[in-house]
Amino acid sequence: MNLKEKTRALFAEVFGYPATHTIQAPGRVNLIGEHTDYNDGFVLPCAIDYQTVISCAPRDDRTVRVIAADYDNQVDEFSLDAPIVTHDSQQWSNYVRGVVKHLQQRNNAFGGVDMVISGNVPQGAGLSSSASLEVAVGTVFQQLYHLPLDGAQIALNGQEAENQFVGCNCGIMDQLISALGKKDHALLIDCRSLGTKAVSMPKGVAVVIINSNFKRTLVGSEYNTRREQCETGARFFQQPALRDVSLEAFNAVACELDPVVAKRVRHVLSENARTVEAASALEKGDLQRMGQLMAESHASMRDDFEITVPQIDTLVEIVKATIGDKGGVRMTGGGFGGCIVALIPEDLVPAVQQAVAQQYEAKTGIKETFYVCKPSQGAGQC
């Protein structure tokens, strides 16, 4: 039974009438452009065929009832006429409540909803299960009540909910790609203007995500340190963000900067340039150049931004040794563990899976998780 069938069946069973709509919003993987988003730079993610699915129907009152199929059918119920506050014990409820609360501040022309939620985006793997949930909930209200909100506004609403209601400081990329993803395409996103450009993916190429299953510990504190170092760099150049600094300007005065800050700045500037070039390499179907850019990105994250760990580097090396110049591989996400992403010709996927299975656990003592994905459509009815 797929997620649509599962949520529709549970909806009818619990609520006693059929759902009128089923909505999906996908998770995502970032192909290149790491730690560039909060520097007003460029990112190149694609939506993946793992998603949050919600079967739903409008109510004729002001109550919102929610069932979380993946949490033993836990229930949340709240009124649109009372202040929406955080739930004491159910963290998943806060994503739903936060989205609804922030929607009310944007456009209050909606009533109650019944919904059943289920998803298969792996949690804690850096594939944006939370953004997928936020965008799915926003799309439910937009579709059921014909709200005049576009995908970018639904994405911004989700980001606001996560920043202000849930209390997690995230950029806009995850929600934007979940809302605006396009089948068989990646999306070049300008994180300053929120402008997007669809980039077609070469035919016969698989998007492979491998979770190192190395438990991330430093990610919060180190992430904040990196942001501060980038802001220090921007101040040195008297610019609002590193987006506004050229590599030439940096190279001319790099020796005057604190050496650690200089390394951080060099990563962001070079990564921005790589990301824009990667979009054009992908569009031309030049997988060899894309592979070189991904390798440079990984080396920059490892040596200049210093956010990889030995387990991640090992995983990247195993994949690279298997695919040679026929594809690309790099760490993806915030760093200090998490996942790697690889673009691999479909006929090489079994060889990569076998090499990783034989070598990674033997070298690190940890068993990986392997996902083969397709670039998928953003949020909407399913």
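Even glycines carry a Cβ here, placed using N, Cα and C.
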(request) Kindly point out which candidate in Tyr95, Tyr145, Tyr223 is recorded by Swiss-Prot as part of the substrate site with Glu34, His35, Thr36, Asp37. (result) Tyr223
(message) In whole Å, how far does the CA atom of Ser130 (ATP binding site) lie from that of His35 (substrate binding site)?
(response) 19
(message) Max CA to CA distance in Å over the substrate-binding set Glu34, His35, Thr36, Asp37, Tyr223?
(response) 13
(message) Residues other than Gly124, Ala125, Gly126, Leu127, Ser128, Ser129, Ser130 within 8 Å, Cβ to Cβ centroid, of the ATP site?
(response) Gly27, Val121, Pro122, Gln123
(request) Select the closest residue to Leu127 (ATP binding site) from the following recorded positions, measuring between CA atoms: Glu34, Thr36, Glu162, Asp174, Tyr223. (result) Asp174
(request) Do me a favour and check the Cα-Cα span between Thr36 (substrate binding site) and Asp174 (active site, proton acceptor); whole Å is fine. (result) 13
